[in-house]
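So the structure is just underneath, and the comments pick up after that.
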Amino acid sequence: MTQAPAPKLTDHQPVPVSAPSGALKNLMLLLVPPIILFSMFLILYAMVRANLQEHRQFLMPSGAELWANAFGRPEVLAELAQRSLITIGIALTGLSISIPVGILLGVIMFRATILERAMFPNLVALQSIPTLAIIPLIQTALGFGTLPKVLIVAKFTMFAIPITLLLGLKSVDRGIINLFRLQGASWRTTLVKACFPSAAPALFAGLRIAASLAVISAIVSELFFLAGRGGLGQMIINSKIDFKYEQMYAALITATFLSVCVYIAFTWLGHRLFSDWHESGGKEN
Amino acid sequence: MTLQAESQPSDGAPPAGPQTGGPRPLGEVALSFENISMQFPDGTQALEDVSLTIRQNEFVSVVGPSGCGKSTLLKIASGLFPQTSGIVKVDREQLGYTFQDATLMPWRKVRGNVELLMELRGYSKAERKRIALEQIKMVGLDGFADHYPKRLSGGMRMRASLARSLALKPNVFMFDEPFGALDEITRERLNDELVSLFMRNSFTGLFITHSIPEAVYLSSKVVVMSRRPGRILKEFDIPFAYPRDPNLRFSAEFAALCNEISVSLRQAIEQ
């Protein structure tokens, strides 16, 4: 009989547990990594710009140029602020249509499987219509006012809402539903007291997607509806026509900033509402 | 409720109370299954001709092999599933039900969860609050009323779940393996507390479990079911008096009875 080789034992030392980090350290950990990554993108930008032929460098303005011709000039800042308000107004109005409609559609699909089967493919089809392709039709039908822009935002942002809501509503704990059934609760009571709260975190995931699309789609809509005093989208087109690329960049940067702000606002709201009880919440135990 | 003397029946309920030296007096029929059969739509025969009568103040446990239809029996009694044939006699308005999981709503604090069934029954806000706090205290969760379920241990969640059902003062209380997921120490403690809740609240109990000692410790009667399709093979009367002494678990009579039921259960599996 061969003897089993002696087991090789290794000493494992205790691992020191790091002290709980302070609020400042947490904030640093939250902010520093994305800032470093962003700086790397800036360096990449500068390198690409440096390699451009001189007569093409206007395509990628430098920081100094941006300051001199856009962010450093009060009248440009005023214009940015004013146009931001218009764009954000379109974005939020669009959301104020898409959110209730999306929630309603999600609830209708949840009501009965037959309704879900009827509606789901049609929703996907609706989502698949390329917005750009129907813009001429919208222009003819609705003109160039605010309404078509708001509707385009609503169309862009609606899709994620019923989909995530339906998923959340369907994932309610069966046991909780049984509790309601045993007490003879109505479908409405069950929806309001059990399904909605349970689905709320999933719904908020959808709202975050919708929020991040709202500003972008508002700008896209403005690009095609250039009547009157428009928002940032119009500024982008105008600065291109006027060959003011710095201002175009300024509008782009402002639009991105607004988009991020809307996203953060929804994320913050979701966190406020659910962090106490939901697994996705930040609080440990 | 906590102020009530142990021997007093709760308001308006039929006489109940601990009697030292003998089984508790039995009352009217509280729940009866008459020739219940259950076949699921996929053709699985879950129960076959099950008849079982449970009287007021009885505490009956059902043991049987996994998948023998024990839980189905409770679901039929509560009306969650309709049976294929046979009759169930029960007052469903007066039914309490505890599931395998605590099934607490994670977005409600303990008090909100305990209030849920009262809310669905239309109790006033003040009454809900009063009864909820009373029940929370009774199940030993004093001081945890404002905690979210995710901050409670498994045993504490189960206590909250019991409090939620007790709040309606059910006449018949059905338990579907409520302590199956808990560790042995917690389980025994909750068994002791369930016995004292049983003493104080005068409900009729129907308890599903995999654990023979748990069944014997809690019950006035233990029913052994066969493998699927579930039939009732044997009923054992448990002679020990309530309230039960935790040391009962280590007595020779207790061991003998557990052994007898265990033999019968093994036959049920091998059959």
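Placement of Cβ uses the backbone N, Cα and C atoms for every residue, glycine included.
Where the annotation comes from TrEMBL, it is an automatic prediction and has not been curated.
Record features, source TrEMBL:
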| type | residues | note |
| --- | --- | --- |
| DOMAIN | A:84-270 | domain 'ABC transmembrane type-1' |
| TRANSMEM | A:27-48 | transmembrane segment |
| TRANSMEM | A:85-112 | transmembrane segment |
| TRANSMEM | A:118-138 | transmembrane segment |
| TRANSMEM | A:150-169 | transmembrane segment |
| TRANSMEM | A:207-227 | transmembrane segment |
| TRANSMEM | A:248-269 | transmembrane segment |
Which residues of the same chain, at least 6 past either end of the transmembrane segment (A:207-227), have a Cβ under 8 Å from a Cβ in it? 87-88, 90-92, 94-95, 98-99, 102, 131-132, 135, 139, 144-145, 148-149, 152-153, 155-158, 160-161, 164, 233-234, 236-237, 255, 258-259, 262-263, 265-267, 270
Can you tell me which recorded stretch out of A:27-48, A:85-112, A:150-169 has the most Cβ pairs within less than 8 Å of the transmembrane segment (A:248-269)? A:85-112
Residues of the same chain, at least six outside the transmembrane segment (A:85-112), with any C-beta under 8 angstroms of its C-beta? 119-120, 123, 146, 149-166, 169-170, 187, 191, 195, 203, 206-207, 210-211, 214-215, 217-219, 221-222, 229-233, 255, 258, 262
